[in-house]
Amino acid sequence: GWDLMLGSIAAFYAVMVPYTKVEESFNVQAMHDILYHNHHIEKYDHLEFPGVVPRTFIGALVIAILSSPAVLIIRVFHVPKIYSLLAVRLVLGCVILTTLRLFRVEVKRKFGRHVEAFFVVLTAIQFHVLFYSTRPLPNILALALVNLAYSFWFKGNYLRTLQALIVAAVVFRCDMILLLGTIGAALLLSRSFSLMEAIKCCISTALLCIGFTVLVDSIMWQRILWPEFEVFWFNSVLNRSSEWGTHSIHWYFTSALPRSMLVAYPLCLVGALLDRRIVPYVLPVTLFVVLYSKLPHKELRFIIAAVPMLNVSASLAANRL
């Protein structure tokens, strides 16, 4: 029932707002080209309009493969292409909400079914997580892996937590390395694993992911590249992202999170005070937002991965009240 409720709201947003914002245009076009041009890479849009920085094709490829049966039916019956766009949005939404479900199940196991219920209700009344769940942004593709990491974290599978975050950082969003750093440091301080175990796990997973993304994306872009490294260099080293606007250092805490989380924002602070069990989880996630605040160019989607964990803290407060 909870899955049906969240899925219905996400589907409603996808139907009511079907069109594409500039940040998601690369992945939308990539999925279109994979589904309609297949192996004819010379026809792909990104070769003519590459965008500011290259992005990985891996997320678009996975969603396109999962969407292909529905798109095939749409093509056979000559249904307008807008329904293919809706199909890939709904498939992406299913992927994101499936990973959120895995996290929700662990919330129920750790804190009880009432906290789980409040977690779902708070997520449902907020706009951004469910709206963005059907938008093929790199941040949202990374969110799927972050939700997995959170579920592993709650389950006590700490090395898998690191692996999920490394895949998110290396393949989809390089800035997830901040979340990896804060969570990894917290796990090391709590002696959840040894330093050598962490180093071996991180290096092997990172090398595997780098090899895979370089292989796939070098074929698709027709030059040797690691997309997220170029994004990291552009945004963080050169700080060119600030050309698209800047906000004050406190903007995430005084504007973005309050508007996104609504009543859950004050509740998440109360939850951390009332139930100390959530503090070791909320603290690294909050520190991730603090570190990200140093980058002048700010958008809510950059820190949307923090919202599910903060909602758990809010759910604990709501349940206690």
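Note that Cβ sites are derived from N, Cα and C of the backbone, with glycine treated the same way.
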Annotated stretch (transmembrane segment, per TrEMBL) among the listed ranges 115-131, 302-318:
115-131
Going through 83-103, 137-153, 195-216, 249-272 one by one, which has the most CB pairs that fall under 8 Å from the transmembrane segment (57-77)?
83-103
Which one of these stretches, 83-103, 115-131, 137-153, 195-216, 249-272, has the most C-beta pairs shorter than 8 Å to the transmembrane segment (165-189)?
137-153
Is the transmembrane segment (249-272) packed against any residues at least 6 beyond its ends, judged by a Cβ distance under 8 Å, and which are they?
122, 125-129, 278-279, 282, 289, 292-294, 298-300, 303-304, 306-307, 310-318, 320-321
State the residues, same chain only, that lie 6 or more residues beyond the ends of the transmembrane segment (195-216) and have a CB under 8 A from a CB inside it; answer 'none' if no residue qualifies.
56-58, 61, 159, 162-163, 166-167, 170-171, 184, 187-188, 224-228
